[in-house]
Each structure stands twice: as C-alpha cells, then as structure tokens.
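What TrEMBL records for this protein:
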{"type": "ACT_SITE", "residues": "C235", "note": "active site, phosphocysteine intermediate"}
{"type": "BINDING", "residues": "N171, I172, C235, S236, D237, G238, W239, D240, R241", "note": "substrate binding site"}
{"type": "COMPBIAS", "residues": "331-348", "note": "compositional bias 'Polar residues'"}
{"type": "DOMAIN", "residues": "12-517", "note": "domain 'Myotubularin phosphatase'"}
{"type": "REGION", "residues": "305-348", "note": "region 'Disordered'"}
Amino acid sequence: MNAEAQNQNENGWNLYNAYNEFRRMGIEFDYFDKEKTRTKWRFSLVNQNFEVCPTYPDVLVVPANISDTTLIHASKYRSKKRLPVLSYLYKPNNVSISRSSQPLVGLKQARSVQDEKLVESIFEGCESSVTNVIVDARPTTNAVVNRAVGAGSENMNHYKKCRKAYLGIDNIHVMRSSANKLAEAIKDAFNGGSISSTKMHNAQSEWVGHLSDIIQGANEIVCSVLKGEHVLVHCSDGWDRTAQLTSLAQLCLDPYYRTIEGFLILIEKEWVRFGHQFSLRNGHIGIESRFTVSNSSQNITMKKTATPEVQQPKKGILGSLESPKSKNGRDLNSSRMNSTSTQVSSEAGQIDLGSTSVAFGRFATKTFKGMQSRLAAAFNTTAATLGDADVTNATFELENRQQSNKSMFGSKDNSETCMVFGQFLDCVYQIRKESPKEFEFNVEFLKELNIQTNSCRFGTFLGNNYREKIGLKLAENTPSLYNYLLRNKRKYVNVNYEKGNVIIPKTQGISLWSSYYLNYLIPPSTIKKGDIKAGEAKEKVFFEETAAKEANSTGFGEDFGSKVNIGYEGVAETEPNEKVENLLEAGNAMEDGLEKSVNSVERGDTLHRKFVESVSELQTKEKETGGSNIENGVIVSDRVLSGAVGELPNPWV
C-alpha cells in the first residue's frame, strides 16, 4: 500500500473515536477533577489490554461511582465476561441504553452483588415513578433452558426498581434456517419456478415475521427511553440480537445516526467494537461443505451434514422444547415485553420454576442429550457468590462450546453462521421505507454494505472482535470500507433528505426487500407500483436506473439521449398496454416536470436539449418506419414517460 493510498485509507480507519462520540452525547469526565464531571458516567480503561473482556472495546463507559475493581468482579458473572456498560445516552432526558450478555445464574440461582450494584448505578437518576427495564431478547423458554448450562436470566428479586421483558426473538439457528428457506425459494424461482409459489410465500412470510419481531423489540426500547426508563439489553452472549436491538433503537432516537457518516460510526461502535463475530457469522473462513461441485439442475444450496452421534432436531435448537407454532409458523411464545414471573406459561412447555431442582434436572437432561455429566456437576456445585471460582465453573465451559466435535445444530463448520448483520440492514431498510426523507443515505447504500460484508475486499468486517482486528493489523494491511463509501458518498445520498427527529419504528408494512433479494430475478416490468413506497428510488425500472447513473457521473447528461432511446425501445416492447396519444405530448409533459429542477442540475441545459432531441428522433423514426409501433394513431410509450412528473427519477425531483 503506497503512502498516498495509506493516507486516504486512514480517514476510514480513524472515523470512530469513542471519546468524541460519547462526548457528543453529553458525557464529560475529568480524571483530575471529578467535581467538574458533568454526568454520572466516566470513561474506563480497565479493558485497554482486553484482559477483562476479550470481545469488548478497549474504552468502556460506566457509572462514575463504580470502580474498576468492581467492574472486574462483575464481569465474572456475565457470559463471556461481557458486563453491563453504556451503549447510548439519549441527551434530551439523559436516559441510557446499556448492553451486556446473559448472567451466569445457573440452576442454583447464583448471584453477584457487584453486578447488581453496577446495574443499580446504571439505572440511577430516573424519576421515582419510573420503572427501568432489563430487556432479554430471547424467547422465555430459551432463557429458562439456558440455566441448564449455567447461564439464564436475571432474578428480578435482586435488581431494584426494574422489570424484566422478554422479546421472543429467535436465535441464529432459527434465523439461519429461515434464510436458507428463502434462498431455496428464490433459487427455485430463478430456475423457472414462480415467485408466487406457496414455497416462496411461506419462506417470505417466515423471514418477514422475524424482521417484525426485531423491529417490534426496537420499538419497545425506543418507547421506554422516551418514557424516561433506562434500558439494559442482552440476549445470550450479547453480540447478535443485542447489537441489532441497540443499533436500531439508536438509529430511531438519534438523527445523527441516520446520516451516512453517523450510520458508519454506529456500525463501528455497536458491531465492530462490541465484538460481533463477522468472520464466524458470515463464514469468511473456508467452510468445506460450501466448496462442492454439482450440476446446475441439482440443489446447489448448502446442505447440512448430519452428525451421527447427536440427533438432528427438526427445527430450532430446542428439539422437543420448541415453542408451539401458529398456523403461519410464528412462535406463539414471542409476545413482546412479557412481565417476569416465577413460572413459564403452558405455551412454553409447562416448565414450573418453582419445582425442585431434581425435577428440572431430569427435564434438562432429556433435552440436552450428552450433557448429563455437566448437569451433575451443576447439582453438586454449591451456590456461587461473586468472586468465587464456582461462578466461572458454572458456565460449563461456555467459552469452548464451538470447539466441541459434536454439535446440536448440524455440521460443525456451519453451525455458527448466520446473516445477523444482513438482517439488521434489512430492518434498517424496512424503517427507512416508512420514513425515507429522514435518512441521508439511499437504498443503494444499504445494498452496498450488505454486499461488502461478504466480499472480503475490505478489512472493516474481517475478524470476530476488535482485539482480533488489532492482532491481524487490518488497519495497516487492508483498505477501509468506510473510506470507500465516504469517497463515493455522492452516489449514496438521498436527495430528498430532511433532518428529522425521533422515529417510532412500526411493524406494519414490512415486506420482502425485493430490490436486494430478487435483484437478479425480477425484470423491471413485473414490479408493481404498490411495491414501491413513496420517496424510495424506483431501482428496478431500467429508464430510471440509467438516468440515475448519469446523474451520479461527472459527464452528467452527455449520453442521455441515447439512453432514452434504449429505455424507450426496451420498455415499449414489454408494456404495450401503456399508451399516450402522442409521444411528443409525453415529451412535453416531461419537459414541464424537468423545468423546475433543470436550473439546479449541473449542465442542465445540455440534459434538457438532448432529451428533446431524443424525443424528436423517436417520433421521426416512427414515421419513417411506417409506424410499426403505432396502433390507431396512438404511440406506445414507456410508463415512465406516460407518468411524466409523477415518475421522475429521484435525482431530478
């Protein structure tokens, strides 16, 4: 990498600065004079060598009254040592969103005084009438069963002034299965099947249902913050569903994160620095089963390899514990923000948490075949307290789960892959679709991010955590995706952008992201207007695509006349029923629509002239060829022309 390229690249790698970003939220801490500290928060370097938590950032923001020693002890009570730390501070009311992993409660209901004190300090400062909330992203059943492996969820008797909320979002194994079904359905359609098939409908409905669960969870967090409730979010390990929820909530609360630069900073902060496992989840490391040669007529989708020692569950990770399903396949247990209770409802498999540990042990042993020895160890373990070695031992070596030769979730090499980040981008697309003017970036920006996540062209999304990235020296040896996107920012700008305020995410109107998933499958003429929301670029119409490319190029409008020719001839053949009385009338209508914007467009006069010339040429050509495309004196025209101003490409509106 030459010096010039390296200098350009540094901007991308240095885009995010933890101190600057949290100070933007209003956090100031003076190490030398704590009396000058403006907030209850402080910056901690306890993890600067990644010794407390290897998958966390080097700079943490924690309550100012919590010492580093307390943080070290509190980390032992959380899975992967991912202790509760600040993720975002909503400046208008100083309400926080924090994140962590699940507590190591186990079957013996272990507790940590330091963890409880840390959470209490995070929740301090709210009004006396407000009840803070611990958001557990998992289905209730999953959280309960995790106690069998030494983890679980908070015992709310030990956490003051807060309530528990289960969001019912399924884990990566269910999400991967759903994504595979969608891929199978799309492949069938690509090989000659129908995009209206039952298989496609079912796969699409299931995938959209998962998106709805995630967006509904973000909605609950946003509403809680606006009500003045501090929120602590976690799932199991705190790097998949947790990242999705905290990112979407911040995106809706803070207009800055809806700018191009702000969105990249949000990704770096919540995903890269907080240890989302990009390489593992996206399968960047070679997976043998993916390198298979097969005939194109055969099923080319990745096939799972059954592990002979362990019975492969049909769906989900719980096998017989799977929650009951409704007719459309959705989890009946996934109601949002369920209040904590001492029993799991009958829908969750009749698990009575008040029953004896022996009965629960038999239940868990039956579910987790092959783990009897670990369960026995749990029963023999005395109640763990903070700092005891038992707290760490109670995790049943959770740190080494993926190194096992046996897997409950299929073949070892594929069991941890899942398009978690891609699903997050899909959720962003759904939210943007409802409020397009409030986002500085367009849909192409999201598509580019989705593509580059798996391209391995850039080092930004390589590695499984920030510590790994430093060890691999990615900033020195690879280009930054952020730099690439910022240098091409003009290409991704939404020209209708207007800075807004808070967005309340909605689950109504969620649909398949057709322009991404079906990008190479659906011809432009099959896209219905109803599928294209107001304000969204109509990417699938060829005429608008070519015009947009011209608008983003340095030679704006130079070849526009020939592009109109191509667009007219191509669309006229596929849409013979859309007509106008005269092509010149359509041209005049388009001229009227362009009149206001042409003055603000670079080289607009040339664009206008070339367009008029192309219309005249087309009309002359029709007359010379005997009017081959004329029916009763009516010239067949492109629907974009017939729609005139209403169908203008975004760059000119």
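Numbering starts at 1 and runs along the chain as displayed.
Note that Cβ sites are derived from N, Cα and C of the backbone, with glycine treated the same way.
Where TrEMBL records a feature, it is marked here on the structure.
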residue : record                                    : Cβ contacts under 8 Å, 6 or more apart
C235    : active site, phosphocysteine intermediate : S101, Q102, D136, A137, R138, I169, N171, R241, T242
D237    : substrate binding site                    : S79, K80, R82, S101, Q102
W239    : substrate binding site                    : T55, R82, S101, F274, G275, H276, Q277
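In sequence order, S101, A137, T242 are the same-chain residues whose CB sits within 8 A of the CB centroid of N171, I172, C235, S236, D237, G238, W239, D240, R241, the residues recorded for substrate being left out. Fewest other C-beta atoms within 10 Å: among the binding-site residues N171, R241, that description fits N171. Those residues noted as binding substrate (N171, I172, C235, S236, D237, G238, W239, D240, R241) have their most widely separated CA atoms at a distance of 12 Å. The average pLDDT computed over the domain 'Myotubularin phosphatase' (12-517) stands at 80.
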